[in-house]
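> Sharing a structure here in structure tokens format.
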């Protein structure tokens, strides 16, 4: 190792420069996030045939905070503006004068302003973390009205298609677009059982959580309808039929067609009791309703909205602006045009309906077509909420407003893993900075300052976007730091070359930055193409990675090219830097890399073939639960048997679930509730494994039957209720089957009592129907599962019914009718209740034996509050999107490199190298299982596990593409420089280019590998697979740049020998032609 003196010593800094440098480094490194932590006569304005109108809704006084942020006062806002824009300019001009650098005033202002802005954003904002680092809230929602979504057969092609599953997948995609459109908030949404979805929200404030929940259950179905006004004669018949409907019925039909509907009336439209010509109103129980016409024939809905945006009206109040597409403009124009005021001046009113609720009913003055405004919402956050809902579109299915389960979860990877990850990340950063300081001395200090500024800026933008950090995301941030070192290494090595040629220090700095800039820009812009493709095309699950990548690329370029150059210039211009001292471990080399290309390509082909064989051999086992789905079971430990997360995990790792991609999540902080996710699809099998493993430690049911009493003989003579709360489960005897037929026939007869009059209008038969009570002379009781209020012991209606049915069968009463009900139970819901009201078609004496059997069979059975199949986070259609994103990015890379290097084969060679790296990485992931099973000792030494491809691994593979591409561009750029204006590319040119950049290649790979190795060894389970993929990918990327991309470039490009052969062939043909003609 030699110590090359390209200059002399570094003098003492002036106080301002020293303070700025020290502050930048300190703030940048310390910014790394610590882990774990009422005008009722409003009108639509506009002259006849205008395109724009105004829809006014009543002013509201409530406020819905967004993201949990408190509003900023005017004084504080003014102070921030002054601090961010005025102060940097003043300081910049002062420093420019003091250091006699008049042209640098704006540069100082930009540098100070950007760093100050990032610091202010971080200080005022909140650093957010994903569920893996901070825990969060798990919500399970049920779909509304799932009875009509049964699986059905698609007759086309004889294929079986599940309409329910398709609807759920569409709902998950729509919710993802609505709740986390950028993919940066790390909100996880997946299927949970047949009729539920699970949403995991990172730790958030109550206000932010409430805001997200509103987005979840708000269906967003927007409609524009004419209200039924009593002043118009054509509405009279419809109004009469509507007023004759009972409170439980809302639809008015004429001739078999729906012509009107009762909608929920928002009392902001005016007092319900006040007479109003705009509406026909009624009370349905305690719910006010207004009648809306549904027979306009145009069905103007939110489906035709092109865009919605927030704005301000003429008075400065917030409003919602919207535009229709061409079809919507046509429909809205016809609707409004046909309902302009009549000759007597009577006006129609346009009902604005969102999710079945009438929000507003402004008067129509004239025809309106393409656009409009919803004004009168005096709360900016509420306007933003409505805009988000409208832009994301209506949900394909509605969710019940209240989730059936709401659980607070601890960090999903465990507190200990979070601690290990934090240690690995900080160690990686410190080691990289120490190495740079040792190797490049003052230049290394500049690199460290640039890294600190880079971290500060990235974190500031992430906080500004409310993006959440995950552990792999932070590990990727470390990798970004390692890769950003590459830009500094390129610059420093160029400066070293210039100084070696005898250039003055100022000229060496200028030429070094100038010559390295094109390489840095090319490398980062090709990475930017990949990042944009990921964000625009890839599924939402990895879209956040694209955003983070874009931020990292832009900030790395800014810090390396602009900030680093500024520091160098200041140090040199103020005579603080007169010489540069750098260590040089690798001198001039002259290896014949191209001479080994044949052997290298053979080795690559063999390695890829082995990897692909392993991929085929593992099949679906290569994919983890993110792709395959599986099961989720929540268990509860007894109060006297609580266990910490680490002990529970160790016990589970000894079971067969350890080979099922097990994931353990602690629910709450009591060390008693844990959720086990795995790829095992059989929920009952998982429950049995847990029961065998934890045994008496599990909390058990304590079922008691009370209030057992006989039911009196009675026959109800009532009309059918709007919603029955009785669930008749079991009629299995012949007699009961006949009863069902009779009941069905009676029902059909009852339906025939609704007759249609001769004029096509519906008439209603209100005569009572007689319904026999199957529980006459039966027994009622109350069954309590566990102690009152113990939600863990609660069961859903299906489970309670099954337990009761088993008890009936065990006592010889399997064909007896029974019902299980709760006052708060909604038919079809999976909500759990501790208490259930039970009716049996048995006398008390026999019922007591049934309840005794129920207690005997159920007591001491383990409690699993939640247990269901879960869907993967990546559906089949999203996989197609992922492949499309990769394809588009590769095409974009080829196009850009073709443009920059003027030859398409440069781009093709780079892409082939990228494909090589990804195939090698995937192959090694697949091969890990064979290594673990065949050579367990070696696997243990190398810390190799049976790795599987998850969304985190997908992010690692995308990172590998960026890293490898960066390496390839650097060498290609030097090849272009060495080739100069020569028409041919030779083997010696490529060897010379690789040798000239070898020092940079080794240094960059070394610093990056150093970071990744530390993450691999110290990072823990949370990032172990991620780090393994990066480790393989970085080695493969460095190798492929030299031995894959460069040889392919040589093979595809024209060379002198081929040109000479073609020239000789052409001359020979011309000679032969001349001889023939003569």
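Every residue gets a Cβ built from N, Cα and C, even glycine.
Note that TrEMBL annotation is computational and uncurated.
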> Among the residue ranges 378-398, 399-419, 420-440, 630-650, I'd like the one that TrEMBL describes as transmembrane segment.
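That would be 420-440, the stretch labelled transmembrane segment in TrEMBL.
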> Between the candidate ranges 544-568, 569-593, 669-693, where does TrEMBL place the transmembrane segment annotation?
544-568
> For which of the residue intervals 351-369, 598-616, 712-730 does TrEMBL record transmembrane segment?
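Range annotated as transmembrane segment by TrEMBL: 598-616.
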> Report, as numbers and ranges, every residue of the chain located at least six residues beyond the transmembrane segment (544-568) whose Cβ falls under 8 Å of a Cβ in that stretch; write 'none' if there are none.
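Same-chain contacts beyond the flanks: 21, 104, 107-108, 110-111, 114, 180, 182-186, 446-447, 449-451, 453-454, 457-458, 461-462, 465, 467-468, 473, 476-477, 480, 483-484, 487-488, 491, 509, 513, 517, 520-521, 524, 527-528, 530-536, 538, 577, 955, 958-959, 962.
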> Look over the recorded stretches 447-468, 906-935, 947-966, 997-1019 and say which has the most C-beta pairs under 8 A to the transmembrane segment (1025-1052).
906-935
> Report the mean pLDDT of the predicted model across the domain 'SecDF P1 head subdomain' (291-397), rounded to a whole number.
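On average, pLDDT over the domain 'SecDF P1 head subdomain' (291-397) sits at 83.
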> Between the stretches 104-123, 447-468, 882-899, 906-935, 947-966, which wins on the count of C-beta pairs under 8 angstroms to the transmembrane segment (420-440)?
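It is 447-468, which has the most Cβ pairs under 8 Å.
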> Tally the residues of the domain 'SecDF P1 head subdomain' (291-397) by DSSP class, grouping H, G and I as helix, E and B as strand, and everything else as coil.
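Counting residues by DSSP class gives 28 helix, 37 strand, 42 coil.
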> Please report, as numbers and ranges, the same-chain residues at least 6 past the borders of the transmembrane segment (997-1019) whose CB is under 8 Å from any CB of it.
420-421, 423-425, 427-429, 431-432, 435-436, 439, 471, 475, 478-479, 481-483, 485-486, 489-490, 493, 584-586, 589, 591, 943, 963, 967, 970-971, 974, 1026-1028, 1030-1031, 1034-1035, 1038, 1041-1042
> Between 447-468, 516-538, 947-966, who has the most Cβ pairs under 8 Å to the transmembrane segment (882-899)?
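It is 516-538, which has the most Cβ pairs under 8 Å.
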> Out of 104-123, 516-538, 906-935, 947-966, what stretch is closest in contact terms to the transmembrane segment (447-468), meaning most Cβ pairs under 8 angstroms?
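Highest pair count goes to 104-123.
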> Given a Cβ distance threshold of under 8 angstroms, which distant residues of the chain, six or more beyond its ends, lie next to the transmembrane segment (947-966)?
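Residues packing against the transmembrane segment (947-966) from afar: 472, 476, 479, 483, 486, 523-524, 526-527, 530-531, 534, 541-542, 545, 549, 621-627, 661, 873-874, 882, 889, 893, 910, 913-914, 917-918, 921-922, 925, 928-929, 1008, 1023, 1025-1026, 1028-1030, 1033-1034, 1036-1037, 1040-1041.
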